[in-house]
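Undergrad: Grabbed the feature section from TrEMBL, which reads as follows:
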ACT_SITE  166  active site, charge relay system
ACT_SITE  292  active site, charge relay system
ACT_SITE  321  active site, charge relay system
DOMAIN    86-327  domain 'AB hydrolase-1'
């Protein structure tokens with residue numbers, strides 16, 4: 001059974017009644033239960049539901065642009081009125097976009113419930129041009145704030161919540177820690193967030209993890225900016241950035257410099273959501289597996305979470321990073337997908353029972 005960590009008895013009872021999946025025994029796929037195997041196989045095993053997006057480019061205060069992919073769900077039977085149709089903002093991982101299988105599954109789950117979704121693609125990675133020499137990072141919440149304000153202004157009467165995966169979850173937590181209760185979001189769901197960036201990069205630099213994940217992730221980061229080289233080389237030594245062999249080297253030469261941090265340690269400290277968890281002011285459900293090499297179990301802030309009545313952690317012993325595969329042939333729904341679906345439905349359909357906490 002997962003470990004449910006929550007100091008608020010009312011929040012616990014709410015989850016047990018309306019999101020019972022968090023109390024059920026999670027049985028990982030027997031032939032790929034190990035965390036690293038789950039992490040590696042999920043993108044290849046899980047299906048990719050067909051989703052037809054409507055793209056929107058919005059301008060930012062600094063002259064940049066952000067690509068949003070909308071799934072309007074105009075055929076919604078439960079919420080035919082678009083002005084009050086519940087909306088879920090989805091934040092993909094570090095180099096992820098609206099095309100990731102886990103995002104497509106979240107949209108498929110939302111579609112069956114009648115909800116609308118919008119995917120926040122970080123700058124420069126969804127095919128759009130960079131208009132300024134700036135991309136994104138886990139600590140800077142300005143673009144997310146702009147997107148939340150924009151979506152809420154379009155549908156001010158619609159119930160509104162967000163879900164973030166991996167770095168998207170870190171960004172969302174850092175935003176919530178900064179804004180407290182001053183947000184139009186009703187609640188949030190966080191999946192496989194890296195709670196302490198120092199511990200995450202240290203785990204990823206162990207020899208086998210570097211071979212399996214770190215080097216590949218570094219090349220993905222480099223690939224995501226290489227298309228914008230002409231814009232970025234105005235400010236950066238791109239040859240040096242392209243020689244990075246770890247995420248830490250990439251962040252030291254590029255990310256921390258771009259966002260004005262004096263040292264990479266300053267950036268990693270600011271990017272670590274564990275430091276802001278006490279300030280979260282709306283109900284948040286966070287799912288992590290303790291065998292996640294991207295977010296090691298010992299770095300999950302269990303004691304800090306117990307100090308905030310708005311926070312609930314769901315910790316599984318297996319599942320890896322965005323894995324949570326279950327069943328003999330885990331093509332379709334994962335444990336993570338079921339947690340997402342039940343929690344989103346619980347918030348939109350029964351949220352009044354926790355918002356008076």
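Glycine residues also receive a Cβ, built from the backbone N, Cα and C atoms like all the rest.
A TrEMBL annotation is a machine prediction, not a hand-curated record.
How about a rundown of where these features are and what they're close to?
TA: For residue 166 (active site, charge relay system), the count of additional Cβ atoms within 10 Å of its Cβ stands at 26 [all protein chains shown].
Around the Cβ of residue 321 (active site, charge relay system), 25 further Cβ atoms fall within 10 Å across all displayed protein chains.
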Undergrad: At the level of the C-alpha atoms, what whole-angstrom distance separates residue 321 (active site, charge relay system) and residue 166 (active site, charge relay system)?
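TA: Approximately 8 Å lies between the Cα of residue 321 (active site, charge relay system) and that of residue 166 (active site, charge relay system).
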Undergrad: Can you tell me how far the Cα of residue 292 (active site, charge relay system) sits from the Cα of residue 166 (active site, charge relay system), in Å?
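TA: Cα to Cα, residue 292 (active site, charge relay system) and residue 166 (active site, charge relay system) are separated by 11 Å.
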